[in-house]
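This report refers to the structure that appears directly beneath it.
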Amino acid sequence: MNLKTVLILLGLALATIFALVCVLLTRERSPRSCQQLPPEQEEVEDGQSLVFADLSPEEMSQVVRYLQGHLGVPLVDARRAKPSDNCIASVDLQVPAKAEVLRFLDAGGARPPREALAVLYFGKQAEPNISEFVVGPLPMPAYHRDVTERKYGGKLPYHRRPTLPVEYQQLGEFLKKQVFPSAPAFMQQVMEYDGSNLAAVTAAPRGFQSGDRVSWFVLFQNVSGFFVHPVGLEVLVDHSSLDMWQWAVSRVFYNGQYYRDMAELESAYVQGRVSVEKVRKAPWDGGFSSMKPRAPAAALFPLQFEPQGPRYSVSNNQVLFQGWSFAFGTSVSTGLRLFDIRHRGQRVAYELSVQEALSVYGSNCPGGMSTRYMDGSFGLGRYSSPLLPGLDCPSLATYVDTHSLSDSLRPSKRKASLCIFEQNLGSPLRRHYSNLQSLYYGGLVNSALVIRSIATVGNYDYVWDFIFYQNGAIEGKVQATGYPSSSFLHGDGLRYGNRLGEHTLGTIHTHFVNYKVDLDVGGVKNSLVAHDMAFEMTRAPWSPEQQIERPRLTKKVLDTEDQAAFRLQSKMPRYIYFAANSKNKWGHQRGYRIQITSFAGDHVPEASSMERAISWARYQLAVTRRKEEEPTSTSIYNQNDPWTPTVTFADFINNETITNEDLVAWITAGFLHIPHSEDIPNTVTVGNSVGFLLRPYNYYDLDPSIYSHDGVFFTSEQDFTACEINPLACLPKTASCLPNFPPFTYDGFRNM
């Protein structure tokens, strides 16, 4: 071996050694993977929460099989049903009576039988109707009982039924095959219709009086974000007949003019008597309505992770977190709901649930001006959407699949349609920096638990949150996003909104959301108390010739339902709370305060023929006696017959005494939306968030968050760089780890 070869081999050996040393040094400096520690919990899951659990797919299927075999009538799959068929519209959990549940949870009583509530449409009968059946016990049903007349005081007329997806499909076929062909020249030359380039959106309610089922269909270009691409054509279809061959066009609207039907529009067009406003064809991605980012990706946005794993636990349908526990579920019609909410082992609320989301529109086009959407009828739970990790919720949130049975004989699964996560809000829950007398810092990071669902109902996306804070407060919040609805801009359209495009009028509308809040503060029996302030004039005792204006506390017990019903825009006591029959250490009634965040527009005038169907929106807050026969503030049947509402909330308020009773707070929050250019391509959540807070008010002897493990306190005389003194000083050790982000998945486009 010559010298040159030896030198080459020696050089390679040295390079290899250098590379290995670099790798070893780099490994030593690389952060370790985050280690998961078991969450510290004061309670353990005992299975009692399952009394509130959603039906499993197996239970839903058992209910369907039972109904198919025991009703004595054929049941058609709702996906293929004609209006004249019998079908199952939905199967959901029948929540047991509260008294039964409390005997089971608190007194060692028997577990209530597990039951389902099935909604059926009976179109193939001499007297078509909607019927509701309770079916049980699950998982092996052996009985059913018709509860329709007991719940609603009579049979439910068939015209009140919520519209099935298959009926929308049938109406689409009716427009495509029977309506549009009757105006061939107009459709081809003005609409450039090719059989698929138009999308229709329905207005609701459907008519002007009970029994009507007459719907306006507003036509848009069928592109991404079609809700803001109106073409000026709207068609009124009478589909009240159970025989689809009897469906007919009642009126046609185009660019400010009304016509008897499409044939009359065609005749006027051919004769040159139609004012044509040609709409420029939009690209397939919608152009200005496209949500595709207009900028390339750059530095990654901040992420949240848990350096020692989640500090909460989810078992079946129960969540435990920092002294909190609650059961969760979803309703087909109303979406996310919580039960048996406890803090530090004591129940503070029996139920928190969404009741309804209402939108009332204005326009100078018929579809827009007649729209009053009651989204519970469409289904806030039915249309809960799969959540996108890292955007809809943090990547490391716990994602929960939900199941439902609606518009079908088979249950459907919505993957990752609920998420649960702890969120550091980036601000102190409380703090004080003392630079007078003693020198110290004390505080607590505001870290809260969030449970979230997002429902996409047509153009709007509603982000539903319930948030649990370490001081014992609960927040219910909804954020609205999605696309604004629009009308074709013509005539005096700017009286009803702002221009968002060449032919697009963003139409003014209100949003109202109603919640049911069944607080049980220190027990089931509560009273409602109002505290506020007033200024009083007094002479300064040390200087009687001088006058002082000082605020004082005002107190009032609201002892009837009428006193506890606060109209939407009326003045309400700023401190209003459910008071217990027990006192804290300082002699005050223990309570939970209701604090509402709302920027609501005006409610529909009470003279309106349909106002009673949405009379819950008259009130920002109404507190009533809790009754099993008043489980909800509205009904899914109110949308299609608001003129004879199935449930009228205003009737709940009948001046009964509410002192030392089981009470329910019905809370309405909302905002006025006047769409503007920044709503394009779609509406942002900033500024469009409303809801309520439930805050302890003398419920504890001191702030319970003082017992949080997250607290920070040190004085000027302590070594605040030491871990044992200041946990924040430990972050380089405890939080310098690599989070285990799972591979990205999304199931939003499966099983559509």
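Heads up, residue numbers simply count up from 1 along the chain you see.
Cβ coordinates are placed from backbone N, Cα and C, and glycine is handled just like the others.
Any TrEMBL annotation is an automated prediction that lacks curation.
Summarising the annotation, TrEMBL assigns domain 'Copper amine oxidase N2-terminal' to 75-143.
The domain 'Copper amine oxidase N3-terminal' annotation in TrEMBL covers 162-256. Averaged across the domain 'Copper amine oxidase N3-terminal' (162-256), pLDDT for the predicted model comes to 97.
Summarising the annotation, TrEMBL assigns domain 'Copper amine oxidase catalytic' to 304-706.
Annotation source TrEMBL lists active site, proton acceptor at ASP375. When other Cβ atoms within 10 Å of the Cβ of ASP375 (active site, proton acceptor) are tallied across all protein chains shown, the result is 24.
TrEMBL lists TYR460 with the feature 2',4',5'-topaquinone. For TYR460 (2',4',5'-topaquinone), the number of other Cβ atoms no farther than 10 Å from its own Cβ, over all displayed protein chains, is 22.
The feature active site, schiff-base intermediate with substrate is assigned by TrEMBL to TYR460.
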Inter-residue C-alpha distance, TYR460 (2',4',5'-topaquinone) and ASP375 (active site, proton acceptor) (nearest angstrom): 10
